[in-house]
Amino acid sequence: MTKIAPSILSADFANLKEEIEDVVRGGADYIHVDVMDGHYVPNITIGPLVVKALRPVTTLPLDVHLMIENPEHYISAFADAGADILTVHQETCPHLHRTVQLIKAAGVKAGVVINPATPAEGLKPILKEVDLVLLMTVNPGFGGQSFIPEVLEKIKTIATWRQEMGLSFEIEVDGGVNAQTARDCVDAGADVLVAGSAVFSAEDREQAISEIRKAE
Ligand code: DX5
Ligand code: ZN
């Protein structure tokens, strides 16, 4: 079954606990946490302190997407804060294997992510090492942007490589996912759909989540 990972970037930050409890009740599988540093992406969000504060709110995996420069400097802080999955941008990691090894040594699942214009080929040498591959379907930085359909081919490519190589990492998609775009992602091979505005802008989060999941 397709997993849904609501992104709290579009939640009410004054009520994060209640917002998370609401999507947990609504059937979320992961809680997606967008960490932005104002350098790698043109926006600043939250850090390890907030992850630590949110940790007791849910037993669901905290799926932490690091949109920051030098992510290797912050792996242990996010792992100690209670992240379950730490995903780093290939574009920010000149020593990608080293960074992935650092994440796994911290006892956390390791993900790698690429932007829409980054070719999939650069991920091939790391696929054996990762638990998750995240394909951005918007340029990271903000919620509420439009889905870039050209990325669908890359989802298919990664899914094909996974099968050919006999691997079992999850394929996650992030950006502009809603009940309409979700179907193409799932058809292309996505297992986990991140959805920010499509979930949190809805009055009824349970309904929003199940509409996205219906894309299966
Ligand atoms: C974008 C973030 C996304 C964002 C998705 O930089 O990585 O996780 O919250 O938001 P929507 O679903 O509104 O595109
Ligand atoms: Zn994200």
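Any Cβ shown, glycine's included, is placed from N, Cα and C.
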Let me know which member of HIS65, HIS89 TrEMBL also records as binding substrate at the site of SER7, GLY141, PHE142, GLY143, GLY144, ASP174, GLY175, GLY176, GLY196, SER197. HIS65
Fewest other C-beta atoms within 10 angstroms, as judged across SER7, SER197, which are the binding-site residues: SER197
Could you tally the C-beta atoms, other than its own, that fall within 10 angstroms of the C-beta of GLY176 (substrate binding site)? 24
From the Cα of HIS32 (divalent metal cation binding site) across to the Cα of GLY143 (substrate binding site), what is the distance in angstrom? 12
HIS65 (divalent metal cation binding site) and GLY141 (substrate binding site), compared by Cα position, are separated in whole Å by 11
Sorting the binding-site residues ASP34, GLY141, GLY143, ASP174, GLY176, SER197 by sequence and keeping only those with a Cβ under 6 Å from ligand 2 gives ASP34, ASP174
Of ASP34, ASP174 (the binding-site residues), the residue whose Cβ has the fewest other Cβ atoms within 10 Å: ASP34
